[in-house]
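Enquirer: According to TrEMBL:
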ACT_SITE  GLU149  active site, proton donor
ACT_SITE  GLU305  active site, nucleophile
BINDING   ARG110, ASN148, TRP313  substrate binding site
BINDING   CYS114, CYS154, CYS156, CYS159  Zn(2+) binding site
DOMAIN    13-383  domain 'Glycoside hydrolase family 42 N-terminal'
DOMAIN    394-596  domain 'Beta-galactosidase trimerisation'
DOMAIN    608-666  domain 'Beta-galactosidase C-terminal'
Amino acid sequence: MSGTFKRILYGGDYNPNQWEKSVWKKDMEYFKDARINSATVNVFSWAKIQPSEETYDFSELDEVIDMLSRENYDIVLATSTAALPAWMVKRYPETARTDYEGRHHKFGQRHNACPNSPVYQKYASALAKKLAERYGSNPHIACWHINNEYGGECYCENCEKAFRVWLRKKYQTLEALNKAWNLEFWGHTIYDWDEIVLPNALSEGITSEQTAFAGISIDYKRFNSDSILENFKMERDAIRCFDKETLVTTNLMGTYKGLDYFKWAKEMDIVSWDNYPGYDTPWSYTAMCHDLMRGLKGKPFMLMEQTPSQQNWQPYNSLKRPGQMRAQSYQTLAHGADTIQFFQLRRSVGGCEKFHGAVIAHAGTSDTRVFREVRQLGQELETLSDILGTKNQAEVGIIFDWDNYWALEYTSGPSRELTYVKQIHEYYRYFYDRNLGVDMIPWDGDFSRYKVIAAPVLYMVKEGMKEALEDFVKKGGVLILTFMSGIVGESDNVHLGGYPGPLRDLAGVWVEEIDALAPGQKNETVFSDGTRAECGMLCDLMHLEGAESLADYGKDFYAGSPAVTRNTFGQGAVYYVGTQMEEEGLFKVLDQAVKEGQPAKALQESTGLEITCRQGEKGSFCFLMNFKEEVQSVPECFVGKTDLLTGRTVEPGEEMKKFDVKIVKM
Ligand code: GLA
Ligand code: ZN
């Protein structure tokens, strides 16, 4: 189960079950022409392969698997458990979910099973087991795809009972639980485990984003993530009864909030994810998601889904412009993917996704722009298998942490503008624009390979975090911290004694107060060289406790007090950014931090291209991509090298238009 695949998997979700057999035959011809070598099947077929509680019918799936095996596909075989069959919900209403408002659902939709329903668990694992028994020894099965885009929440009675069990295990005593949730506040003290109810709109929840008690709500998030993870493990283990070898995955969703993907990845053989940028998503954001997905295991991942052309579920489902799908695919490979898979291979005739892009559109022909682009990419990927398994090597790490994601966004105050991923992306973008490779890392990972670590809005400092960060800096690392850090512990109770709590020594500052500025209100930061830059949203009012000020506030009653600081700690340094700075100011601070930390860069020259490299035994593969409107010239250091995509030598002064890509082996 080490390594990934023998070739770059190229294909995607394929639903022949929705089509007549005559169409299957044509599909095989089209796909071959496009160099498609992989198909993800059986994603939503539960009702077909188990038409009733007592009967299973694999006859059609047998035919699909036979056909794909004959054609030498790498099959990604899904377990179909992401949408309940109608008969199950009718006979066992408990298999459906109860939503945040407390409404128990009827049959409908997908991703609709209560994770703690014993009936769902029984039939989902039985199905996975049957599939593994039947197909597990087929050498064409390249990967198991459990369920689909796990997510959502359930607030039913089964979940409530399971939550109490989960809490008992975590806290042991009610005293510990009352203390952790600070239930003395509003006199919510619990005297019996059965008094605990799930935090939704009927109880401690206000909206799904707000809560009266973050302690219980964060614990519910952890519990829900764990409950659904148990569903995954259950199917995985069922598969393992018959198939000990084949990789097992489930498709994740980038920065999806609901599941602690670092915890999940430990249970997965390989990470896979679905990349659906909107028409206006910055390329740096997509790159960050890839780096996060790679960071979950620190290994190459699968791109399980992307659309070849457009989506249906965004507000504005723009077409991908000519060359855009190809460039997006190379960005994905550049950041560590070993597969490029689409949703989907043939566009559905009905249902809410009928306008979702596909390799074969409703016209039913390969004579389309989209198909030609898919074919071109397929032809190119066939030549690039040396890239498989190569690694991205970064010396900048950015800490991403789901507990912090949940906790920060539950805080009532100081500003509703504060969101987790946006803050992380601000920092990511700085490194991205300079072609400084980034690993998105967990707080408890191995920091030793990084020269610079950014831990934006590290609001919740859990046990062990302080020590890990101090150790990194002591040994010479450069750490970047920001406002809203070190404030609470693992249950959202404040670390008393002054912000940033356990990070106070490390940062060398004491934050006495936090001002919130309304939209449109601004302060400014004034650097020691006289440069000024606007800032807003939050302004920490702080005292220096060993740190030096890099910039002071320019306005208001705290004008002249420090806004951004640097502290020497052991062999290293800590930058503390106490306010939301405009780009120019923030980048000036980060320039200094990078100058001090000296992380490796893909190249010394500055360029508007994205340049991301993967290293392996056969060399270093540098992906040069132009995501800018303007033409960019190829940096000098690549001149004279061969572009693997064209076989041509890169000439001096060569230019790249928007969406042009080169892969240069160094
Ligand atoms: C998700 C799902 C697919 C499909 C696509 C459409 O990624 O996994 O089944 O619905 O979205 O974009
Ligand atoms: Zn439930």
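Cβ atoms are placed via backbone N, Cα and C, with glycine included.
Map the listed features onto the structure and describe their local environment.
Expert: Around the Cβ of GLU149 (active site, proton donor), a 10 Å sphere holds 18 further Cβ atoms from the protein chains shown. GLU149 (active site, proton donor) falls outside any helix or strand according to DSSP and counts as coil.
Within 10 Å of the C-beta of GLU305 (active site, nucleophile) there are 22 other C-beta atoms, taking all protein chains into account.
Note: TRP313 (substrate binding site) has non-local neighbours CYS352, GLU353, HIS356, i.e. same-chain residues 6+ apart with C-beta under 8 A of its own C-beta.
In this view, CYS154 (Zn(2+) binding site) is surrounded by 26 other Cβ atoms within 10 Å of its Cβ, with every protein chain counted. For the recorded site, CYS154 (Zn(2+) binding site), the DSSP three-state label reads coil.
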Enquirer: Find the one among the recorded positions ARG110, ASN148, GLU149, GLU305 whose C-alpha lies closest to that of CYS156 (Zn(2+) binding site).
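Expert: Nearest candidate: ARG110.
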Enquirer: In whole Å, how far does the CA atom of GLU305 (active site, nucleophile) lie from that of GLU149 (active site, proton donor)?
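Expert: With the alpha carbons as reference points, the distance is 11 Å.
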Enquirer: I want the residues beyond CYS114, CYS154, CYS156, CYS159 whose C-beta is within 8 angstroms of the mean position of the Zn(2+) site's C-beta atoms, in chain order.
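Expert: My list of surrounding residues reads ARG97, THR98, PRO115, ASN116, SER117, TYR155, GLU157, ASN158, GLU160.
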Enquirer: Listed recorded positions: CYS114, GLU305, TRP313. Which have a CB under 6 angstroms from an atom of ligand 2?
Expert: CYS114
Enquirer: If you take the centroid of the Cβ atoms of ARG110, ASN148, TRP313, the listed substrate site, which other residues of that chain have their Cβ within 8 Å of it?
Expert: ALA82, HIS111, GLU149
Enquirer: Taking a cut-off of under 6 Å between Cβ and any atom of ligand 1, tell me which of the binding-site residues ARG110, CYS114, CYS154, CYS156, CYS159 pass.
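Expert: None, by Cβ distance under 6 Å.
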